[in-house]
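A.B. asks: The structure is given below, and queries will be raised subsequently.
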Amino acid sequence: MLICCAQKLCGTNYPVSIAFIVVNEFCERFSYYGMKAVLTLYFIHYLNWDKDLSTAVYHAFSSLCYFTPLLGALIADSWLGKFKTIIYLSIVYVIGHVVKSVGAIPDVGDSTLHIALSMVGLVLIAFGTGGIKPCVAAFGGDQFDEENTEERTKFFSIFYMSINAGSVLSTIVTPILRGDVKCFGGDCYALAFGVPAALMVIALVVFISGSGLYKKSPPEGNVLVRVCKCIGFAIQNRWRNSKKSPKKSHWLDWAEEKYPKRLIQEIKMVFRVLVLYIPLPMFWALFDQQGSRWTLQATRMNMDFGGGFILKPDQMQMLNALLILVFIPIFDMGIYPLIGLCRIKLTPLRKMAVGMILAAIAFCAATVVEINVIKTVVEPSPAKESLVQVYNLMDSDVTVQFPGHTVFSDPLKPNEDPSGYTSLPLTGESQLYTVTVIHNGAESQCELTFTERTAYSLFLHTAQSGDIVCKLVNDHITKSETGAAYLRFINTHTENINITVGTDEFYAAANYGISQNISVPRGEYNGVVCETNSNQYHIDLGLLDFGAFYTVILSKKSEGLTTIKMEDIQANNIHITWQIPQYVFLTAGEVMFSITGLEFSYSQAPASMKSVLQAGWLMTVAFGNVIVLIVAEGAGMEQWAEFLLFAGLLVAVSIIFSIMAYFYTYVDPDQLDKTFREDTDDEKVKSSDSKKKETVSLTDMPKQTKM
């Protein structure tokens with residue numbers, strides 16, 4: 001338990017106030033990452049958006065979260081101060097969470113209202129989380145005395161750990177609240193958003209509780225505004241006087257008429273770093289896809305770890321935060337010193353370039369995984385084509401012939417799993433086919449109409465009269481994003497059957513009636529109850545696996561009801577552990593790129609300009625998400641090709657960045673202080689000498705007499 005001793009944590013030089021700040025940050029990060037973890041699946045399953053729109057909105061929200069820190073910094077430095085800014089924008093943050101949670105309640109209004117509430121909630125959350133982002137860490141640093149620099153450094157490490165701890169815990173908990181807790185007849189998104197809202201309330205209460213212990217610095221004016229005004233004046237002055245006045249060595253020197261030379265020199269230093277920032281958004285374009293494209297990839301993978309433990313697709317994101325906690329000490333105490341022993345000079349910019357390459361490798365790994373994942377996915381047919389598969393429910397082999405095509409050249413064995421969907425070309429939007437079925441040497445013809453972009457199952461069975469019956473059924477082929485299996489029944493019994501599978505009810509009419517195709521949670525289904533008007537039966541369906549589509553044929557035999565389970569579409573057979581390499585490479589890239597980038601930015605910026613570079617750094621994240629938004633909506637590529645495109649773009653960008661870094665000269669901002677201090681001292685000496693000469697000259701002047 002923490003004990004207060006004269007406003008310090010006993011035995012340390014840490015102010016008690018930082019405990020409130022660290023707890024506040026943990027709760028806020030839990031709130032943010034917990035909500036964001038389930039956001040993509042919420043768009044797809046609750047708002048019924050497609051993958052591309054869901055990805056675009058997800059990254060638009062992420063981008064807004066990194067544009068709004070500029071607004072938060074402006075409010076804090078120019079108007080309210082850090083403390084009040086955190087309080088007021090946290091209230092906006094809480095309201096956003098509440099609105100978002102209400103929008104996730106199905107009983108509240110219609111789908112239009114749900115979308116409106118969701119978007120309003122996300123905008124408020126973006127302003128809340130983005131607005132307090134530049135304030136909380138800086139406010140924590142303000143709590144330390146100048147002589148406690150070591151404690152301040154350790155505080156930022158603790159602060160960073162609290163961020164990752166909140167991220168890890170929330171990405172584990174909120175997907176469980178979403179998937180394992182059922183409310184309103186489905187996944188409980190209202191609870192998954194409600195708990196983060198409650199954590200944000202706790203964060204606000206904890207922060208306010210420490211009010212009497214904080215050092216609260218008054219607003220000192222926003223240096224970013226001053227920088228922008230200086231740049232604007234330089235551009236304006238150059239435009240007005242470029243033809244009249246002699247040329248300047250640098251375009252910013254045109255601001256010397258109004259602004260001090262030191263400020264102009266500091267802005268020049270910042271600009272040199274900001275130019276290096278230009279290629280950086282591409283890294284974030286890849287990094288932030290963990291919560292969108294990579295989560296969607298996970299939904300089509302096998303998530304069973306045995307022993308009853310099944311990972312949820314949106315929980316995989318926790319691996320990044322866990323690996324960060326592991327990799328930071330490994331890189332700092334192991335990898336970097338070993339590289340140094342090999343006499344390889346690993347400068348900050350070289351580290352960042354390597355980090356970009358590692359992120360590109362991560363997307364190459366994601367491409368390999370995606371290529372294997374889609375092998376179990378049935379792609380929809382394009383225009384002027386449809387998909388068809390055939391079930392032979394008769395007692396011997398049949399041959400199916402489509403006029404002009406050899407789509408089914410081999411005989412089909414009875415009650416055998418279909419060989420998969422086959423593409424059937426059409427002459428237009430739809431086409432009537434006269435299909436010939438050959439059974440036991442006898443031919444029968446069926447006239448069937450096929451429509452483009454549609455998948456069909458053709459069931460062949462014998463009627464009581466002995467004739468061959470062709471039954472064409474529209475199929476649903478899109479795999480469940482939650483990993484559920486799809487199931488339907490064909491009832492060859494002479495009585496209607498009601499089947500209960502878990503909590504789902506199926507009805508199959510007598511004499512080859514086909515039930516609805518319904519998704520059921522993945523799992524073992526033994527002792528499934530089947531009821532007819534005259535009897536009750538129990539059947540074992542076995543494992544209904546992730547993402548598989550099953551057709552179960554029910555037949556009445558003397559011993560009871562028998563089943564034949566066919567797998568129409570393969571289960572997700574690529575295990576989710578195959579995503580681990582891409583997370584390892586991406587996190588290693590983050591350690592070398594992100595942490596090093598912040599360190600480099602701070603080391604190359606004058607003390608008064610660090611906040612300007614912080615704003616510039618956050619803007620690279622925002623623009624990175626804009627890149628994903630554009631590609632997701634405009635590229636129209638297959639997912640594996642999109643991953644490869646991003647990897648290729650990042651490699652190209654890393655080469656450009658490496659060339660820029662090669663010509664960059666590292667500077668020491670302290671040298672700037674020394675230079676200007678010497679100039680100031682020289683001016684003082686000159687001023688002093690001038691005053692002495694002036695005194696001598698006045699003494700030597702003759703006295704004036706009255707006229």
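Placement of Cβ uses the backbone N, Cα and C atoms for every residue, glycine included.
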A.B. asks: Quick check on the annotations: TrEMBL lists transmembrane segment for one of 28-52, 153-177, 453-477, 528-552. Which range is it?
C.D. replies: 153-177
A.B. asks: Are the transmembrane segment (269-287) and the transmembrane segment (644-667) close, by which I mean at least 3 Cβ pairs under 8 Å that are 6+ residues apart in sequence?
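C.D. replies: They are in contact.
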A.B. asks: Can we call the transmembrane segment (189-208) and the transmembrane segment (353-374) in contact, meaning three or more C-beta pairs below 8 angstroms at a sequence separation of 6+?
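C.D. replies: Touching, no - the transmembrane segment (189-208) and the transmembrane segment (353-374) miss the threshold of 3 or more Cβ pairs under 8 Å.
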